[in-house]
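In what follows, a structure is listed as structure tokens, so that the remarks can point back to it.
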């Protein structure tokens, strides 16, 4: 008990530990790599075409509807309630998978899971509201590690239960239900933040800038005095009303901070191009991640062959983590060569997607998926670092939300045109051919942009060197 009390009083350690535990259990989804075989198998008995062209698009559309309101609601409610909601809907998700009968239940499942994914923003935003700024880097590293370890452990355990124990998919989903229930219960142990990034909850009448600098550096007056040193009656009423964070003053202040953060986030061309790659590449990545199991089942039907989806996802996590970790040790001037790197590795990813589309060998498809996901993890780490290193935490949170919304909007357009049975409703091979072409277009765009940036930087450096020589000579 004394150790628990010491942990709770340690400041940043307690909330980081609890949130890391939540991240581990929430991402330890043993059954997730086997979702498609479970849906099209005897348990749910849904056809592959219905899963591809009707069921999965519902999640994309629902996610788009929820994302922006949930992003604003997350800050307004101060993060913890949304984390609890995510845990609750994760539990509901696997209750539906285990016991929900027929197609209607699986349709509701897609809407339910959209709530889970739309509340993911609360996971990282929470920690920045309860710990000091000097611990941001450590805490972020712990949270990302917890998610990665949880996902890798869950995928590996699922593969062992399927391949070695021969466990039925229903029981794997039941095990996952138990694990995410632990995550849900863990979420209640999180302390409630006393502040949010944009909606201020302190008592106040008006906000004034505390100092020039980062958006969000504002303080709310604790008391407004009249000429004789006492608060007027009208001011007292307004002061008391502002105690509720939906007061006019707080809404205006939040809008002002959001607008200033938005302007800072997209204040330079380089940040815009990094954000553009983030949105474009993430839209394609999520689309491929959502439908890769259908591609695997097309090449090697799960009903007639052994599948290794869990092992592949675990390998992707490890290789992707190693690639992301390597970014910190690569000595490159990313401001000069970063966009070119985006183009080159996006090209490698495009080649891997084309290989997935045209191969008839499941192991080649597995290997191509590992290459593709590793390239994405490598590049998204560089992009995240470049954006975050030039912005305040408030701006980074807003940029993450906006970029995610743009990515999801693009993904929704792709889904509506390419996947949805109401429009083209293409087969899985044709879909992946289009996804490969999409990544090839991204690669070409950033190869051209990267080459231009590198040439301009080199040209500027060549013109600066003679000037330095002239100045040095004049001093001599």
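Note that Cβ sites are derived from N, Cα and C of the backbone, with glycine treated the same way.
Computed from a predicted structure; not experimentally measured.
According to TrEMBL, the feature transmembrane segment maps to 12-34 (among others). Remote same-chain residues near the transmembrane segment (12-34) are listed as 83, 86-87, 90, 94, 97, 123, 126-127, 130-132, 135, 138-139, 142-143, 145-151, 153-155, 157-159, 161-162, 169, 172-173, 175-176, 179-180, 182-183, 186-187, 189-191, 293, 307, 309-310, 312-313 (criterion: CB distance under 8 Å, separation of at least six residues from the stretch ends).
Annotation comment: TrEMBL describes 54-73 (among others) as transmembrane segment. Away from its own ends, the transmembrane segment (54-73) comes close to residues 39, 46, 82, 103, 106-107, 110-111, 113-115, 117-119, 121, 290-291, 401, 404-405, 408-409, 411-412, 415-416, 419-421 of its chain (Cβ-Cβ under 8 Å, at least six residues beyond either end).
The transmembrane segment feature in TrEMBL is assigned to 85-107 (among others). Same-chain residues lying 6 or more positions outside the transmembrane segment (85-107) and placing a CB less than 8 Å from one of its CB atoms are 22, 26, 31, 38-39, 44, 46, 50, 55, 58, 113, 115-116, 119-120, 122-123, 170, 173-174, 176-177, 180-181, 183-187.
Per TrEMBL, transmembrane segment is recorded for 113-131 (among others).
Non-local neighbours of the transmembrane segment (143-164) in the same chain are 16, 19-21, 23-34, 123-124, 127, 171-172, 175-176, 179, 306-311, 313-314, 317-318, 321; each lies 6+ residues outside the stretch with a CB under 8 Å from one of its CB atoms. As annotated by TrEMBL, transmembrane segment applies to 143-164 (among others).
What TrEMBL records for 170-190 (among others) is transmembrane segment.
What TrEMBL lists as transmembrane segment is 271-292 (among others).
Sequence annotations record features per position, and here TrEMBL assigns transmembrane segment to 312-333 (among others). Within the chain, the transmembrane segment (312-333) has long-range Cβ neighbours (under 8 A, six or more residues past its boundaries) at 32-33, 148, 151-152, 155-156, 159, 341, 366, 369-370, 373-378, 380-382, 385.
Taken from TrEMBL, the feature transmembrane segment applies to 340-360 (among others). Beyond its flanks by at least six residues, the transmembrane segment (340-360) meets 277, 281, 288, 292, 295, 299, 332, 334, 368-369, 371-372, 375-376, 378-379, 382-383, 429, 432-433, 435-437, 439-440, 442-451, 453-454 of its own chain at Cβ-Cβ distances under 8 Å.
If you look up TrEMBL, you'll see 366-388 (among others) marked as transmembrane segment. For the transmembrane segment (366-388), the list of distant contacts is 270-271, 274-275, 277-278, 281-282, 285, 288-289, 292, 296, 308, 312, 315-316, 319-321, 323-324, 326-327, 334-335, 338, 341-342, 345-346, 348-349, 352-353, 355-356, 359, 396, 399: same-chain residues at least six beyond its ends, Cβ to Cβ under 8 Å.
As annotated by TrEMBL, transmembrane segment applies to 395-418 (among others).
Under the heading transmembrane segment, TrEMBL lists 438-456 (among others).
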_Residues of the parent chain within Cβ reach of the transmembrane segment (438-456), under 8 Å, 6 or more residues beyond its termini_ = 273, 277, 280-281, 284, 336-344, 346-347, 349-350, 353, 414
